[in-house]
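> Annotation source TrEMBL lists compositional bias 'Basic and acidic residues' at 233-251. Taken from TrEMBL, the feature domain 'Cytochrome b561' applies to 21-228. Marked as region 'Disordered' by TrEMBL: 232-251. Annotation comment: TrEMBL describes 15-37, 58-78, 90-113, 125-152, 164-185, 206-228 as transmembrane segment.
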Amino acid sequence: RRCQHRSTAMLDVPFLPFCAFLGTLGLLCVAMVGTWCQHWRGGFSLDGSSRTFNWHPVLMVMGLVVLYGAAALVYRIPHTWSGPKLPWKVLHGSLALGAFILTVLGLAAVFHFHNAQGTPNMYSLHSWIGLGTVLLFSCQWAAGFGAFLLPWAPAWLRALYKPIHVFFGSTILMLSVASCVSGINEKLFFSLKNGTMQYKLLPAEAVFANTLGLLILIFGVLVVAALARPSWKRPDSDSPDSRQVRDVLGG
């Protein structure tokens, strides 16, 4: 038991340093996807060319992964464990809304590029996963807004929906990671296919983009791990919402 306790203590990472590391990792992912599109893919534009497409991966990584991950971790901040919950609900909902707006702009960029180039939409597995994730995200945000932010939502409904909201929050994040990683791989297959730049020869761009995909995956896994860690969950047994639920269930 003593050895087990020591092992647990060695693995116990404080939340705030972990959050700082996670934030640095998220910013690195955004910087890398921007560098990839700027250095190897020609930069950014709104003229319907491939440079218009480059907004798509940048906005998706910023919104659907990094900002969404930040929104998911709001209730793990120790300062949220006491006092009123409304400001933190508003922050959580605002970050998620910001992530959703960036995601919609990213979708608009890729559809604009496809339509301008005469490329069919929604034919690849990546596009199916991505659009499904965005639709699920929109339903999640609307349901969360109705259940947790509207003042007339009954306490029993909040208690019933909360575990569903938490489950789909983690699910959407992992689907977002899967969509981004598959999109990076698809873009490399389409772009690196001539001469010495073939993907199978692993040029510098392929190494860079593959590394980006791995970092996005690590970011998503760490966020889900933080959400699942019991010691970092908000203790809500004495919260007003919990007391109200107990009163309703107890008659």
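Glycine is no exception: its Cβ is also placed from the backbone N, Cα and C atoms.
So that I understand the layout, could you describe where these features sit and how close they are to other parts?
On the 0 to 100 pLDDT scale, the domain 'Cytochrome b561' (21-228) averages 95 in the predicted structure.
Long-range contacts of the transmembrane segment (15-37) within the same chain, counting only residues at least 6 positions beyond its ends with a Cβ under 8 Å from a Cβ of the stretch, are 43-44, 54, 57-58, 61-62, 65-66, 69-70, 73, 76-78, 205, 208-209, 211-212, 215-216, 218-219, 222-223, 226, 232.
Remote same-chain residues near the transmembrane segment (90-113) are listed as 46, 48-50, 52-53, 55-60, 62-64, 67-68, 70-71, 74-75, 119, 121, 130-131, 134, 137-138, 141, 144-145, 148-149 (criterion: CB distance under 8 Å, separation of at least six residues from the stretch ends).
Residues 60, 64, 68, 89-90, 93, 96-97, 99-100, 103-104, 107, 158, 161-162, 165, 168-169, 171-172, 175-176, 178-179, 182-183, 186 of the same chain lie 6 or more positions beyond the ends of the transmembrane segment (125-152) yet place their CB under 8 Å from a CB of it.
Non-local neighbours of the transmembrane segment (206-228) in the same chain are 15, 18, 22, 25-26, 28-29, 32-33, 35-36, 40, 61, 65-66, 69, 72-73, 76, 166, 169-170, 173-174, 176-177, 180-181, 184-185, 187-188, 192, 199; each lies 6+ residues outside the stretch with a CB under 8 Å from one of its CB atoms.
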> If we skip the immediate neighbours and take only residues 6+ beyond the ends of the transmembrane segment (164-185), which ones have a Cβ under 8 Å from one of its Cβ atoms?
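Sequence-distant neighbours of the transmembrane segment (164-185): 56-57, 60-61, 64-65, 68-69, 72, 125-126, 129-130, 132-133, 136-137, 140, 143-144, 147-148, 209-210, 212-213, 216-217, 219-221, 223-224, 227-228.
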